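TrEMBL lists these features:
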type     : residues : note
DOMAIN   : 1-148    : domain 'UBC core'
ACT_SITE : Cys85    : active site, glycyl thioester intermediate
REGION   : 151-184  : region 'Disordered'
COMPBIAS : 160-175  : compositional bias 'Acidic residues'
Amino acid sequence: MSSPSKRREMDLMKLMMSDYKVEMINDGMQEFYVHFNGPIESPYHGGVWKIRVELPDAYPYKSPSIGFVNKIYHPNVDEMSGSVCLDVINQTWSPMFDLVNVFEVFLPQLLLYPNPSDPLNGEAAALMMRDRASYEQRVKEYCEKYAKAEDIGGATEDKSSDDEELTEDEYDSSDEQMAGQADP
């Protein structure tokens with residue numbers, strides 16, 4: 001690879017060509033959202049999360065910043081900020097890894113094998129260690145409440161883009177009136 005920017009472009013294109021939905025946040029290639037499905041054999045199955053990814057200028061030599069936008073109940077994810085505690089991203093990152101690894105290996109492993117002894121969400125960690133069935137029930141409740149595919153469209157952090165399309169409700173609530181009514 002000749003430069004980090006070329007590698008960033010290549011990794012992002014590889015992620016976009018995979019089965020993941022990728023939404024760019026701005027004109028650059030450094031910030032974007034990825035729609036991530038919970039692993040099949042886990043209590044997170046059926047949940048869909050919007051993951052915010054920020055690539056540092058030194059990517060791939062420096063790890064991406066990864067965070068859940070919609071809520072998830074997990075010992076290693078901060079419930080308020082969505083920050084992830086994952087060694088491979090935070091400490092042992094290598095330029096040999098790419099963005100597809102994050103979504104096909106690292107995040108699924110995090111959801112399949114939580115580490116309650118190194119928590120960002122102490123309540124989830126304590127419940128998991130004390131009562132695994134209740135923990136899994138709480139995970140499923142959060143999936144139902146916060147992680148439905150139809151919900152993640154509204155889970156974006158900053159909706160200030162000038163060229164963003166208005167939803168029908170937003171358009172209807174506009175101060176400007178349409179010249180005529182649309183046919184039903």
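Glycine is no exception: its Cβ is also placed from the backbone N, Cα and C atoms.
Quantities reported herein were computed from a predicted structural model and do not represent experimental measurements.
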For the domain 'UBC core' (1-148), DSSP counts of helix, strand and coil?
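Secondary-structure composition of the domain 'UBC core' (1-148): 56 helix, 24 strand, 68 coil.
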What residues, ordered by sequence, lie under 8 A Cβ-to-Cβ from the residue listed as 'active site, glycyl thioester intermediate' and sit at least six positions away in the same chain?
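Set apart from the residue listed as 'active site, glycyl thioester intermediate' by at least 6 residues yet with Cβ under 8 Å, we have Asn76, Val77, Asp78, Asn115, Asp118, Pro119, Leu120.
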Please work out the mean pLDDT for the residues of the domain 'UBC core' (1-148).
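Looking only at the domain 'UBC core' (1-148), pLDDT averages out to 93.
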